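Colleague: The following block contains the structure, expressed as C-alpha cells.
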Amino acid sequence: MTGMKKGKNKKKNVKNDERYKELDSLISNDSEIGNNSRWGGAKRICKLIGNEMRNNIYVYLLSILYLCVSVMNKVFSKRTLNKIGNYSFVTSEVHNMICTIVFQLLYFIYRKTSNPASRNESQKNFGWQFFLISLLDASTVIITMIGLTRTTGNIQSFIMQLIIPVNMYFCFIFLGYRYHLFNYLGAFIILITIAAVETVLSYETQSDNSIIFNLIMIFALIPLSFSNMTREVVFKKHKINIIRLNAMVALFQFFTSLLVLPVYNISFLKEIYMPFSEMGTNINDGLRCLFYGQSTIVENCGVGMVKMCDQCEGAWKTFITYSFFNICDNLLVCYIIDKFSTMTYTIVSCIQGPAITIAYYFKFLAGDVVRQPRLLDFLTLFGYLLGTIIYRIGNIILEKKKMLKALNTDGSEAELTSIETSTA
C-alpha cells in the first residue's frame, strides 16, 4: 500500500512540478531579456496570457458558447415581453410546458441510448431538491418577467452584472467560499458602476424605464443565486443527469409558478397590477394573443401609459425562438455548475452584461427593442470589464495558491511515506 501511495504522490508531484516549471520559465525568461529590451514587459504579458488561454482553453470555448446562447436568450426575452408583456403569467406557464416536453423527450432518448449503469441514477429520488430548485426558478422567472416590463435593454444587462456580488455574498455565507482581495475589489468596482448608472438614469425622463421595476429585477437575483447554490450542492452529493434535472424542475415549476401569482395583486405595481377577479380574462386574452395573434389592448396604452400595447401578430415566432435559447441556456448553466462551480458560472455569466448591451445596438438582433449607443453605455462597459478582469486576476492568484498548497502537502506526504518505508 505504501508503495502504491508513493507512486501516486510521485505522479502528482511530477505533474504539478511541470506546470510550475512552465510558469517559472516565463518569469526567468523575462528577467533575462527584460533588462535590455523595451519589449520585455510586453512579451511577458503575452506569454502569461498565452499560458492562461492554453491551460483553460476548454473553459474559454465553453464561455464563448454560453455567451452567444445567453445573449440571444436575453434579447428574445425582451422582444417577447415587448410584444406580449401584458401576459407574463401566460408566457411563463406556456414556456414551462414546452420545457417539460422537450426535456422529458431528451431524457427518454438518453435513457434508451445509454448503458445500463447510468440508468441506475434514475431510481434515486430527489423530489424535494427538484421542488426547491423549481420554486426558486419560478420565483426568478416571474419576478424577472415583471421587472422586464419596464426595464430597458441596456439597464437589463447592467442589472445582470449584480449577480457577481450577490453570488459572492451567499456563497461566502452558505458554501464557505473564500475570496482574494482582488475578488472584492472587482465586485466593488461593478457595484459602484451600477450605482452610478442608476443615479444618472434616475434624473432622466425615461418613460419606458422605471426605477421601481429595476429594483424588482434586482430582487430576482436572490432566488437565482439560491437556485444555483442548490444545484451545486446536489451535483456534489449526487450524480444527477442534467437533462433529468431540467425536466423535473420544469415540471415542478409549472405548478410552483402558481404560488407566485399573488405578486400580480400588489397594488403599487401600477403597470401590471391585476386583481384576482381579472386573472381569468387576462389568461384568456394572453392565449389568444400568443396562439392566434389577436391583440386585445390597443387603446389607451403604450409609452407613458399604465398598460403596454399588444403586438400579437407573429408573437409566437419570437416566443418559440426565446424558448429554444432558454432551453439551451438552462442546459449550459447546469453543465457549468456540474463540472465546475457556482462561482465559475458567475464569472462566465458576468461577460454577458457588456455583450447584451452591444447586442441591443443592432437591429437584426434586437428588432423593435433596438437602442442607440450612448456615452454612458461605453463608460459603464469600461467599468464592468475592469471589474471583471480584476475579479479574474483574484481567481488566478487563488488557484495558484491552492495548487502550491496541494504541492507542499503532497511533498510532505511523500517524505513521510519514504520514512515509513525505510523504517519498515
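Just so you know, glycine gets a Cβ as well, placed from its N, Cα and C.
Note that this is a predicted model, so its numbers are computed, not measured.
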Colleague: Do Gly85 and Tyr345 end up on the same side of the membrane, going by Swiss-Prot?
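Modeller: Tyr345 and Gly85, as annotated in Swiss-Prot, occupy opposite sides of the membrane (different topological domains).
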Colleague: If you check Swiss-Prot for N-linked glycosylation site, which of Asn86, Asn265 comes up?
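Modeller: The N-linked glycosylation site feature in Swiss-Prot corresponds to Asn86.
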Colleague: What is the disulfide partner of Cys312 among Cys289, Cys334, Cys350, as given in Swiss-Prot?
Modeller: Cys289
Colleague: Consult Swiss-Prot and report which candidate among Cys309, Cys328 shares a disulfide bond with Cys301.
Modeller: Cys309
Colleague: State the count of C-beta atoms found within 10 angstroms of the C-beta of Asn86 (N-linked glycosylation site), not counting that atom itself.
Modeller: 25
Colleague: From the DSSP assignment alone, can you count helix, strand and coil residues within the topological domain 'Vacuolar' (270-317)?
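Modeller: Final tally across the stretch: 20 helix, 0 strand, 28 coil.
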Colleague: Any idea what the Cα distance is from Asn86 (N-linked glycosylation site) over to Cys312 (disulfide bond), rounded to a whole Å?
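Modeller: Roughly 11 Å, rounded to the nearest whole number.
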Colleague: Looking at the disulfide-bonded residues Cys289, Cys301, Cys309, Cys312, which one has the fewest other Cβ atoms within 10 Å of its own Cβ?
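Modeller: Counting other Cβ atoms within 10 Å of each of the disulfide-bonded residues Cys289, Cys301, Cys309, Cys312 gives the minimum at Cys301.
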Colleague: Between the Cα atoms of Cys309 (disulfide bond) and Cys289 (disulfide bond), find the distance and write it as a whole number of Å.
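Modeller: Given the Cα positions, Cys309 (disulfide bond) is 12 Å from Cys289 (disulfide bond).
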Colleague: For Cys289 (disulfide bond) and Cys301 (disulfide bond), what Cα-Cα distance in Å is obtained after rounding to a whole number?
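Modeller: Taking the Cα atoms only, Cys289 (disulfide bond) lies 16 Å from Cys301 (disulfide bond).
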